[in-house]
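Q: Here it is, the structure, as structure tokens.
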């Protein structure tokens, strides 16, 4: 994968960061607004894209990647992680590499993903406008590949 | 002699003259003048009670001597001869008359009979042929008479002829309303008759999982035109004050929510009887305000309600709006000259009247072209009501007009992340009409529309927004509830030759597009673009009236120079105003957010099939009622009649469901039925909510005694069994908690303190769960149940009406061990009713004789019985139920109304209600680490399964 991807999560629910203390949330009274997070923007994914989340078992995700590399006939796969899942994406990539006796190589890219939150007023009749805000979150895209001989 | 022998003899002797009978010797000897009497009365011998009624032939030895004893001393010649003559005559008559079947060849001895004699008279001896052919003619005649009655149905070919078929369809639509896609569905779906409609329940093909996949990754299409639309028109303020009586701010945004009021979002509310919140809920509705037109204070509001709700909602709306003056349909001003009298007839009506016979209302020409065609016209809209039922009510005091638009619009629901791709691929913003078209005077609405510069500007903007939709990847990215008005070309013109799967076309687009897309995602559709001509009755009627028929369209296609190319220019009739309404997906909880998001497509009536087929050709899956239930289950949203047990429609639904389930249960042979009594399941077919909340209220009052151990309930509770008497006002004393604040509190209490999804900042708002806080909460929700979502922690699939129970401390220890195989079990119960049922069955058999012998024990209820219980069905607890909460070894908290293995969560999931008092009681007694753990037990099982309770706001 050559081009840097701008955004990325797809498939199962992607973990969203659970606290952004420095964000505008601090100014808002939590009683007056309900925060509703929208899903991160999805992009079409190829067969060898793996989006890592925090809900699925780690071993299962690792096995899935292993399978793509071994039996799936792919020379390279791309592991994506957003926010909290960055850690896990790195873990998976390193495990894959360790398990391959040095045959696999890694190439990591980072990016920033824009996320959208809806803020709905509790008492809609008086305060009117619900708000929408965007915030940014980090993402990592690790290419795991067999180097060309 | 056996009874059958007697019967046979009677039959044989039926046609025999009585005088030929052998009289028994003693009878013959009874009187000397017997001969004379016999001629007077043929049945003389019967007068003497025969000592032996046997079929006796010949001389009998017993009977005291036989002939020899008493012979007549003398004979009167005349009388003797007369009676002998009568006997001879009778004998001759008997000889000529055949008994039994009347086939001629039966007169032949066996060796002369031939095969197929009755078919071919030539096989008979000549002397019998005349008789045989006569008989044959006779039987043919009789047969043809019978056939004549059947022959009313014409040949299949004749029946399938278009006009006749249409007549037949129209006849069948008189009782239940057909959707416009009915024929399409009837060929592919199991149809059910519900709420006065014929609806597709589930496809005949096996496609449960494909449908689920379509919902979660592509697009699923549902025809929900059966939803009823009620239009309200009037001043904004008067409308809002009237409607505010029906809702409460505590349950969330109301009709007056600023964003919805502007018209660019669809809103949803739960409606209550006027001023009765929190009791007497009616049900959920969605509503749509028409965007304000400049310079006019009058507003238009559409309220979309489920048909089961409409009969309750409409009178309530009339009451709060004081609209009691029914407007007789013909008085309605018709705006378009193109409309003829048929339009007036076609006005919608609320009440279903089977009287509409000869000229059912709603008949309408499909297109003006075939106006001279066959007299039968396709029914569009509601065919079941009579044309003169009022559909409009107005108020002289408030100036509000209520208009019932049932079946006036078609509504399709597309569910799934790709639904916008399907829409953008199927629909194309309408092309302007050229100068020539504009200048011509025409009755079509589009050329007139094109002349207005402002309107065309708006159209351009709308088309632009619509094209931006192509750039987004998932339908969930759009702000929930967005409304987009649009005018589109006839989608039949762009029908692909082959079914294709619509896929998103996301590409790295230019900056400008990117900016627009961002705008759409953040702000939604600009307020202006939510306007649509679909709001205008005149435009709707015009479009419906002028639809090009399929036949005409095909003719135009066939005249094309290049076969298969697109018609150009697009015929002027093919411009349809539509509304696209975004449906938010899953909005509650942390997982799978915006699952099942999609779009609703609103069309003028008559255009249903014209849009349906092109949509189907874009690779969507079609589903019916069953899948829409599964959708709301996966989405964690209550489904209308099912999950509203305190609404009148919900109560009606429960009764129907109970009758249906009981009926199904009784159809099984008794030995093959589940014995629910032995399983400790008191109410497998219904949920006695009322009794549950009453018992829990009593329990909380007695809590001073310590343990929540129930005592025997006082009689009064058993006197109030839950089935509220249908028809009367719902006397349900219990309510479902819908206040957001209360739900949020409950939700916080149910969560594990360490639960990952909980934000430290937000959880802090709720007071910690303590006795005092719970008491305060209970004070206001004494008689309430709360809607909860249960996810199983181990294996198991919850079923309908599974019990939600509170675990004992020992059970929770089991849970700590993390041993998947060990779940608590219910000890089997004793069925004391079984012997009683059996005895009843036996006694009814012997006592009442053969009449009841074929009945199952369940149907014995109809027979007047000595026993007190009116209804004993083997395996089901008879009606006055004992205490529900304490019946099993674990205390019952509530029941599941919908349960299944959830494909989205990968474990069993159930939706149900629990008593608030019971829930708090359980939570208080649970240690922190097991907060919100309950037990779930299916009605036909003794195994309890652990589940985690979730209340999502």
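Glycine is no exception: its Cβ is also placed from the backbone N, Cα and C atoms.
Since the structure is predicted, the reported quantities are computational estimates derived from the model, not experimental observations.
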Q: Looking at B:816-867, B:868-919, I want to know which stretch TrEMBL calls region 'Disordered'.
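A: That would be B:816-867, per the region 'Disordered' entry in TrEMBL.
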Q: Scan B:82-107, B:108-133, B:134-159 against TrEMBL and say which stretch is down as region 'Disordered'.
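A: Of B:82-107, B:108-133, B:134-159, TrEMBL gives region 'Disordered' for B:134-159.
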Q: Tell me which range among B:165-222, B:223-280, B:281-338, B:339-396 TrEMBL lists as region 'Disordered'.
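A: Feature region 'Disordered' in TrEMBL: residues B:339-396.
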Q: In TrEMBL, which of the ranges B:634-667, B:668-701, B:702-735 has the region 'Disordered' annotation?
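A: So the range that TrEMBL calls region 'Disordered' is B:702-735.
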Q: For the domain 'POPLD' (B:598-689), what's the mean pLDDT in this predicted model?
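A: Computed over the domain 'POPLD' (B:598-689), the mean pLDDT is 89 on the 0 to 100 scale.
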Q: Residue counts in helix (H, G, I), strand (E, B) and coil for the domain 'Pop1 N-terminal' (B:80-160), per DSSP?
A: 56 helix, 0 strand, 25 coil
Q: May I have the DSSP-based helix, strand and coil counts for the residues of the domain 'POPLD' (B:598-689)?
A: 43 helix, 9 strand, 40 coil
